[in-house]
């Protein structure tokens, strides 16, 4: 038996940076996924190790189960409670010891934190069982699309699906969703994995990946919503890395220099997020707002939000290149996430032919994806091994 899980990435539709200063932000899932396949070893496999395969990176790591037991001598083979513990200082040291011996290439050292999260989640849920766990993803790493959260959610889902804490139909064909309480559990475990990767994550990325659809959040409070408006986005990855902490600090410093002006900026962002939420949730058959009218309103809100983000000082020359290019095709765009590079969203109106704009953007060295927003969250699939 193999268990497969897939978890979506995310975008920020509005409110990035301003949310730190009390404004509302809106995030949505996208139909680009991280996939994980879990297969426990059988006696006939003659494998007494835990193997991690990162297909996209071309990397494979393996730990003998005896080596893992040495690092976690006080751990039990199975968790005593479904609720996840936080990774202790002692466990973090044990995990660091297991990761240090892997000789991860310097160019890919960023994956070390993800490997650490993998080891903690696996050993916390399944102890020392030998298994092979494989990953592949449609999400570029470090680009603001929630790749690490998608990784943690998919992994937690696959691991929990093979415990008594989660009840699923093993005979059902194809992808199946979790019940709400089960999703809550998956999300809690994934959040602990995100802590290992990011230190102090907000919990927004893993929540969007686990539950799907749309989340509105303000001052630490999250509201789950279902979009009644199908939106298609072009996502352009500028391939420019950014320092999120430095960008956030830069906005805060600008706030200190110009408190009155920036307060109006953040208030305007809050209003944009609130209006966007109402449009997305308006009935699909709403005669007052046709699909075209909705798209036009959302496009205007995106342009306004981008202008405010520029006033915060978080744009970048590559982002401006994407904006100029898409504007030639009368398309509205905005950065998503921290800015300073990363990804740019472009709203694709119904029936728009996107090939020409993609070709022009890719000629600039950018990477392009098309995605629908507000879809399902994490799903599971059981398959009988051949």
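Cβ atoms are placed via backbone N, Cα and C, with glycine included.
Keep in mind the model is a prediction, meaning the values are calculated, not measured.
These features come from TrEMBL:
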- 126-212: domain 'GHMP kinase N-terminal' (DOMAIN)
- 296-361: domain 'GHMP kinase C-terminal' (DOMAIN)
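Mapped onto DSSP classes, the domain 'GHMP kinase C-terminal' (296-361) shows 35 helix, 10 strand, 21 coil. When averaged over the domain 'GHMP kinase N-terminal' (126-212), pLDDT in the model lands at 91. Note: the domain 'GHMP kinase N-terminal' (126-212) comprises 42 helix, 10 strand, 35 coil (DSSP; helix = H, G, I, strand = E, B).
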